[in-house]
Amino acid sequence: MKTAIYPGSFDPVTYGHIDIIERGANLFDKLIVAVLLNPSKKPLFSVEERVELLKAVTYDISNVEIDYFDGLLVDYAKKVKANAIIKGLRMVSDFEYEFQMALINKKLNPSLETIFLMTNAKYGYLSSSVVKEIAQFGGCLSEFVPDIVAQKLMEKFSR
């Protein structure tokens, strides 16, 4: 069975992430969307909230699992018996960092491949940070995130 991991913070999940999830799920028998616990970051949503939002927006993709991890991605990949890592690339600026990470991961685990998927052009500008900024100022989110995510964002910023 070919298994891939799509790691990220997903704070929050956007239509750009969902596009990569759908396309990645078509390439592998199983796709694990793995929320990274990064102690140096202060996310808007807890890991539990991010996992629940991801489950809500991927419930209809049968070969997608949602999980979370901390530590090294290569260690997590070994634990879940993943063959590959999927990374979405929006712009050339994403490539330099992601390529460096792919080389490091390959050095740490030579059997683990990184697959780069170019984002759909309509999501090339989209990031979780931009979505949070729009939400903070009460802007319309319908082009960027599913309704459930927009609702949760508005709840966070109305407190």
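Cβ from N, Cα, C; glycine included.
Owing to the predicted nature of the structure, the values given are computational and were not obtained by experimental measurement.
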Residue from Ser9, Ser62, Ser111, Ser127 that Swiss-Prot also lists as binding substrate with Lys41, Leu73, Lys87: Ser9
Whole-number Å value of the largest CA-CA distance among Ser9, Lys41, Leu73, Lys87, listed as substrate-binding: 20
Distance from Lys41 (substrate binding site) back to Ser128 (ATP binding site), taken between C-alpha atoms, in Å: 14
Leu73 (substrate binding site) and Leu126 (ATP binding site), distance between Cα atoms, whole Å: 24
Of the binding-site residues listed as Lys41, Leu73, Lys87, the one whose CA lies nearest the CA of Ser9 (ATP binding site): Lys41
Residues satisfying Cβ distance under 8 Å from Lys87 (substrate binding site), sequence separation of at least 6: Tyr6, Pro7, Glu98, Met101, Ala102, Thr114, Ile115, Phe116, Leu117
Cα distance (Å, whole number) from His17 (ATP binding site) to Lys41 (substrate binding site): 19
